[in-house]
Amino acid sequence: DGCGHTVLGPESGTLASINYPQTSPNSTVCEWEIRVKPGQRVQLKFGDFDIDDSDSCHSSYLRVHNGIGPTRTEIGKYCGFGFQMDGLIISKSNEVTVQFMSGTHISGRGFLAAYSTTDKSDLITCLDNASHFSEPEFNKYCPAGCVIPFADISGTIPHGYRDSSSLCMAGVHAGVVSNTLGGQINVVISKGIPYYEGSLANNVTSKVGPLSTSLFTFKTSGCYGTLGMESGVIPDSQITASSILEWPDQTGQVNVWKPENARLKRVGPPWAAFINDEHQWLQVDLNKEKRITGIITTGSTLAEYYYYVSAYRILYSDDAQKWTAYREPGTDEDKVFQGNTELYQEVRNNFIPPIIARFFRINPLGWHQKIAMKVELLGCQFSIGRAPKITVPPPPQNNPPPQNKNDKKNADRSDDVIHSVKTSLQTDKTTFTPEIKNTTVTPNVTKDVALAAVLVPVLVMVLTTLILILVCAWHWRNRKKKAEGTYDLPYWDRAGWWKGMKQLFPTKSAEHEETPVRYSSSEISHLRPREVPTMLPTGSAEYAQPLVGGLVGTLHQRSTFKPEEGKEASYADLDPYNSPVQEVYHAYAEPLPVTGPEYATPIIMDMSSHPSTPLGVPSISTFKAAGNQAPALAGTYNKLLSRTDSTSSAQALYDTPKGQLGPAATTELVYQVPQSVAHSAGSKD
């Protein structure tokens, strides 16, 4: 009377003391006899161990024996509160006896243990969850019997399960392993989500769960795609039923709940049987053999008709004549699947091992009010498990050829049936799910998909890189063009151009450098007189008379200079405090005709009396006045200063310009270069 939760499978199982995880009752005993295949040995692992040791394991203990019966030998005797059993207890044969004794005690949960054959080196117990493992991906072996009432899971596939969920119980819920067989699971850990949905699947109820730091999912065999009920791939003509519910409503219209209405998520009424008994069925013809791995069912989904099927069994066939009921390996009873508990919720059941058949039949065994349901089948093409058939032609004398085409077709069909039976038998021997991949395609197609999954991102990266390079090159070229755009000649100050043109373009000093200035006649027409004094340069002139606009305020159009070996001409700002001194460079005017005189007679100008003359700056220049005004030069404050006063001071002597009547002529004046200029010490612009 001390036995608790117990599932003893052919290769693995789970056992626990009575009342676990609550305190076990006093004076109870339980004995488990475990057998595996001959030639195998048994390994035992404890998930929890809490037995009173107040009397030194005298009345309360757990004892493990090699063998069964009177000839068994003791492996060990264990007790203790919170006892940590490191490692595994391994038998010497394929038989083990586990004995639990509970004497008089106050506390102690008892124990929970799992066992398997020794070839399952990664055995875990039903109490292990994802938080016990640090690896992002790992493989473990789950024992049979991990659907336990005292463990909880949150989540569902494909979104994942909360990290606090039992790994093996979640594996049963996901359809990865069977509760009666156990099996291998491949777990992947990832970042948690804020909310975990609940669902009912494989007789396991997943609860709604809150936010967690991590979650886990399972890699599956990939054979979990829908087979066409919802999508309509399976035509109406291939969905039949034992009976159909028909009745007239209040308006006199006849309602027919036909078999083709039994499509999952299809709006409208479901299929319903006219007779409510255990002999009703809903049949689906898949047109050819398919690997069927699961089924999803709902009730009527109509609030006014609260109908659903609560339990059913599954039958399958290759010819729709001979039917086989689905049974789990190692059992002699038809498996009864848990159905719906209300009319809306989708309930999933998986087939481990899968069913390989063309015709699929659902036989309701329990229902609420009336038999009514909608379904969807899960699976994939059967070609995944079919091996190519190799035939050797027999001798003609032993096996004569078929007499007609029908005999040949019958012979081929017979070979296919035999091959199908062999494949089905091999599938029945499977006790765990194979190594799993998240795909529903065949293995040879999977390789192509994997190759494409690698090549496509690489090609995308290469094309993206080329596009970025072209865009950057185009952008750089545009910036270079903008940077090398045409500028006004006076502002060209680039090192390359300046070095190449140094012989032609002199650098200008704002105040202290001097050089003769010459302007072309085309520019004189754009200048007009202004009453501003001039800084006249001194020094010998090797060129013709420059033609300077009579009274020029600012220089905008190009003026031409011819540099000397020494200093170069400059212009002073009217206000040296507010106006920064900047360099101004000019192009050259055309040389004077060879027949003309090379020099004019110099005239000395006395600038000391002019209020605008800068102090202490000896500016000497020759100029020619005109009536036009040149436009202002942007960004510069340098001024060309010239004198237009017709009166001369006591210290200024002027020569009469050639071709003119006198110094007061305004039409066109040509002056000679003054020899010296006197400036007033207090003059200021």
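Positions of Cβ are set from backbone N, Cα and C atoms, glycine also.
Under the heading compositional bias 'Pro residues', TrEMBL lists 391-403.
Look at TrEMBL and you will find 405-414 tagged as compositional bias 'Basic and acidic residues'.
The feature disulfide bond is assigned by TrEMBL to Cys3-Cys30. Within its own chain, Cys30 (disulfide bond) has Asp1, Gly2, Cys3, Gly4, Ser17, Ile18, Gln99, Phe100 as residues 6 or more apart in sequence whose C-beta sits under 8 angstroms from its own.
What TrEMBL records for 3-118 is domain 'CUB'.
Each residue in the domain 'LCCL' (120-216) gets a DSSP state, and the totals come to 11 helix, 38 strand, 48 coil. The domain 'LCCL' feature in TrEMBL is assigned to 120-216.
Summarising the annotation, TrEMBL assigns domain 'F5/8 type C' to 223-380.
Sequence annotations record features per position, and here TrEMBL assigns region 'Disordered' to 389-414.
Under the heading transmembrane segment, TrEMBL lists 449-474.
Here the domain 'CUB' (3-118) returns a mean pLDDT of 91 for the predicted model.
Within 10 Å of the Cβ of Cys3 (disulfide bond) there are 15 other Cβ atoms, across all protein chains.
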